[in-house]
Structure formats: structure tokens, C-alpha cells
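**Q** Right, I'll just put the structure down here and ask away after.
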Amino acid sequence: MSRIIMLPILLPLCTAVVMIFFRRLVVLHRFLNVAGTALMLGVSLVMLGNVQSGGILSLQIGGWQAPFGISLVADMLSSIMVVATALIGFTTALYSLGTIDKDKEHFFYHPLLQLLLMGINGAFLTGDIFNLYVWFEVMLISSFVLLVLGGKPEQLEGAMKYVTLNLLSSSIFLAAVGILYGIAGTLNMADLAVRIPMLGHKDLLSVVAVLFMITFGIKAAIFPLFFWLPASYHTPPVAVSAIFAGLLTKVGVYAIMRMFTTVLIHEEAALIHQLLLVLSAFTMVVGVLGAVAQYDMRKLLSFHIISQIGYMIFALAIQSPLAIAGALFYIVHNIVAKTNLFYISGLVNRLKGSWDLRRIGGVYRFYPMLGVLFLVPALGLAGIPPLSGFWAKFVVIKAGIDSEHYLLVGIALFVSMLTLYSMIKIWNEAFWKDDPRGEGSVEDEGYLLISSMKKVAMVVPIVILGSVTVVFGFWFEPFFVIVQSAAVELLDQGNYIQAVLGERP
Amino acid sequence: MYSVILATASRYLLILLLMFSVFLLLRGHNEPGGGFTGGLVAAAAYALYFIANGIDAARTIVRFDPLRIMAAGLLIAIASTFPSLVAGNPFMTGVWINTGIPLIGKVGSPLLFDLGVYFLVLGIALTIIFSLAEEDRL
């Protein structure tokens, strides 16, 4: 029964290995990529169903009992994140069919995508901190290669910053893991949760907590640590940008969530939550101001990622059940909407031949349906009812008011306005205004040159994610029930500990 | 630089080193050694052959594409986890069969995993060595 936890990790590994074995059969790669991610989506939904009905699943690898071996744990939080990963993996696999050229496919684009998904799923499902570090590395190494695939100078420049900062963060992570192991003698999350209250070293634990916050903060791109993100995310092929934008920073947010609600939950966590509250305000404001100033579509969207991370961190720092549920819903909504916006920006670039908003225009005139498809995630992100972003922001702000963080609530609302402004900016520049280069050049250069199969491959993911945003908006209730039960489960460590160690503390 | 002594010696050394690598692989379960070290020694054997006889000779003698060797290693390692699934144990639990034959004794899925690691390391090391060697020629 609990063996299903292995599948979201094992599936992408198997498909990647088969792809490397038949390295010249690119057609097989494409097929396996789509089929593998579709299967992963199915498996992860089944897993979510199982966890919802049967409680937390845990698996001890190799039959070694919990504190000694490696545990994989699927609670509601992990399962929801895995479902989101699989959804984005599936749509990106489809989108890649239309946008990735043969050269990149021959240089292992598809296997790398699978390995990236394996790393992300592993990070979500592991119940051991050192194992979390390993999955982060699996994820990062695949992302390094995906980032430079194609070898353009600006890609290498972006990758330098990305790799340097991520290696730094990994070494801090490792140092923190080392100190924690030195203090507690275990790295199993459930076992740590039991032991940490009984330990002396309160000061050292605070150091460890701050180190963890820095390393996950770099990965999640929170305020003073986000510079690598806008420097690198606009350089790779757009399918890669999209999956990075959707998933990678959220792994950092997930890690913060896991670390400071399951493992370190006492004085250390209180300190971290104070810090996070302040940082979240800066993250929201700086991110959105960066976005407003940009004219490159992908850079604008990249800065938006940072600003949105601020909302999640804000909700996390409040730490009430409602806030955690809000943060979780926010993460899922944001993964869907943000990835979708990147897909659309890629399509607009294909049509108009440029990322620069000043140089393009008139998309709405020729492709009105694309305009509608853009408005769904754009207004969703800005928080216009009844789309998903409205509910996400509503819950977070409600939690903020309940906990009397009025200043932060004010900032969040103000940032919302600016988010809307920057979305409108893309709309005005790319979709609404006339093409500054004149109308004649519009039709012939872009869309007509793409084969019809590729058009389908590019538009279908946009439609899928767009409808998810709409469904989240109109049928908010059932989804919110799920994230609420996840939040309640997350705040009661007893269940988690019992599922892993087999005993109540 | 071509050296007759090294070229002649490397032919015999290749076989000896490969045998040694298999010895390390099998010894690895209870004593120092194992798939990783074995694979590295095997790769070193081919690297020595390449230094003595040049890259083309080395590629001919390896016969398979190193990337394929790597993928095959991964496939073997993945396959080694299937017995645990069939037996209904937690993932990657070792499954042992007692053959009863002296000297061989018990054979289990961890050996298969080690074999996978052996080929994986061999494949990766050869990929790196060969691509560096070919870069030199350009």
C-alpha cells in the first residue's frame, strides 16, 4: 500500500534511463516524456486520494526501521505538492514538443526534464533531512544542465550566477545538517521532532535554524537572497523557464514550511517566524517593484515570482491553521498561474519574434482567443474574483487580519495593485497596442510557420492550466477543504511522528 | 608519444586490471571494495590502454558506447529493486537466495545493485575520459 510513495520518484528515473539508453531515438524520448508525466499525474492523484482517506503514508527504504534508515513520507502537504509537480511536468512535456528544437533534444533535454521532476518529487516525499539535501542536489544538477542547454552567451552568464549562489546555499545546507546531526544524533524529521524539545543547546539550535532559513531562503528567492533568480530565469528555452518558475522556488518554500512546522517548532521557530514576517514584506515589495520596471516579458514575470513568494512566506510566518492553508493554496495556485504565464509569453514571443514589450504589439487583434487565455492566469495572479488568485489572497489576508498584522496586510494589498498594474502592462503593450513595426510584418513571420501539431502542443498546456485556474476559482470549496486538512495535519506533529516511528510521542 | 613497452604491457595489464576490478566488485559486500571502486579500476584499465595505444584503439576495444554502458548500469540497478517489490517487502529490501554451492554461497539483489553501480561508474568515467581525449584532438 505505502509502496505507492516510491512511484513518483521511480517513474521518472525509469523513463530517463530508458531515454539515455536509446539516446538517438528522439521520437521515443518525446513519447516517453509525455506518457511518463501523464502516468505520474495519475499516480500522484491516487496517492493524494489514499493519503486523504487513509492518513499519512510512510515507507522505510530497504526495511531499515525509522530513525536508522531513510524514510519516505507522504502526508497531505507532500501529496498536494507532488500532484502540482506532476501537473506542471505533464504540461511542460507537452509544451516542449512545440518549442524545443532537435539539437537540444539530442543533448538529453527530455531525460533531464524527467530527472528534474524526480529530484523535485524526492524533495517533497523524503522524511530525512540529509536525504532532502541529496534530492536538492539531484534537482539542482539537472537544472544546471537545462539552464545552459543551447549554450548561448547570456545563458552561460545567467547560469554562472545561478550555479554559484546555489552551490553556496548547498554548502550552507550541508553545514547546518552537520551541526544538527552533531547536536541531535539523528536526521530523521520525525525523530528530530521528538528529540529536539529534550535537547540542551538552545543557542546552537537557533544558529541551525537561521542557517536552514538562509539556505532555503536562497532556493525560495526571499528578499535579500533573490538576485540569482531574475539574473538567470529569462535565459533558457521558455519551457525550461516555465518549469523552473513554477516549481523550483516552491521547493524552497516547501522546505521552509516542513522545517519550521514539523522539525524545528519551538523557540527557534518563533525567531524564524519573526524574521520571515519582516522579510516577506520586503520580498513582496521589492519583487513587484522590480517587475513594474521591466520591459522584457520573461524578466517581468521572473520578478513576479519573487513578489508572490512574499505572500507565501507571509502566510507561513503567521502560522495559524488558516494561514498555513492559505499558504498552501497560494503555492498551488501560483504554480499553475505562473507556469501558464511563461507558456503564454513563449507563444507571444513565437508570434512576434521578441521578448521586448516595447517592440511588439497587436496580438489581441489577430489572436483574440490568446488574449483571453492570457487574461485568465494574469487576472488570476493579480487576484481578481472569481479566479483562483482571489481566494488565495483572500485567505492569506483574512489570516493576516485575524492575527492583527495590519501593516503587512496593507502592504500585501498595495502589492496586489502593483501586480495588477504590471499584468495590465503586458496586456497593453503586447496585446492591445498596435504593432510598432507596422501590420504587414505581423502575420507572416510567426504563427503560420509553426506546424499545426506544434501549435496544438503549445496551446493545449495553456488551456489545461487556464482551466485549472478557473476551476480553482469557481469550485473553491472542495479544494480548500483539502488544503485545510493538510494544514491541520501539518500543525499537529503527532500524526507525522506516529506514521514514521510507529508510536505517539 | 608511442612507447612499445607501455603498449605491450598495457595489453596484459588490461586483462589483469579488469580481473582485479571484478574481484573488487565481488569482495565489496563484506570488505573494502564494491561496485564503485571496481568500476573505477575497470575504467582506469581502459584509460591506461588509451594512453598507450591512442583513443581510436581504446574505443574499438570498449566496443559499446560508454553512455550505453552507463544507462545499462542504471537499468541493472533499478532491476535490482524489483525482487523486493515482488516479495512484498519495503522498497529495496535485499532478497537473498541460498544456492548451497560452496564458495558462492548466498546470492542476493544487493550484488545486482553493485553490478549496476559498477557499469554506471565505468560508463561515466569512460565518457569523461573519451570526451577529454577527443577534445585534445580538435
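Using the three backbone atoms N, Cα and C, a Cβ is placed for every residue, glycine included.
Reproduced below are the annotations present in TrEMBL:
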type	residues	note
DOMAIN	B:5-126	domain 'Na+/H+ antiporter MnhB subunit-related protein'
TRANSMEM	B:12-29	transmembrane segment
TRANSMEM	B:35-55	transmembrane segment
TRANSMEM	B:67-86	transmembrane segment
TRANSMEM	B:115-133	transmembrane segment
**Q** For the transmembrane segment (B:12-29), I need the partner stretch with the highest count of C-beta pairs below 8 angstroms, choosing only from B:35-55, B:67-86, B:115-133.
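**A** Going through each listed stretch, the top one turns out to be B:35-55.
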**Q** If I take every residue in the domain 'Na+/H+ antiporter MnhB subunit-related protein' (B:5-126) and average their pLDDT values, what number comes out?
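**A** Looking only at the domain 'Na+/H+ antiporter MnhB subunit-related protein' (B:5-126), pLDDT averages out to 86.
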**Q** Where else in the chain does the transmembrane segment (B:67-86) make close Cβ contacts, counting only residues six or more beyond its ends and a cut-off under 8 Å?
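**A** The answer is 39, 92-95, 109-110, 112-113, 115-124, 126-127.
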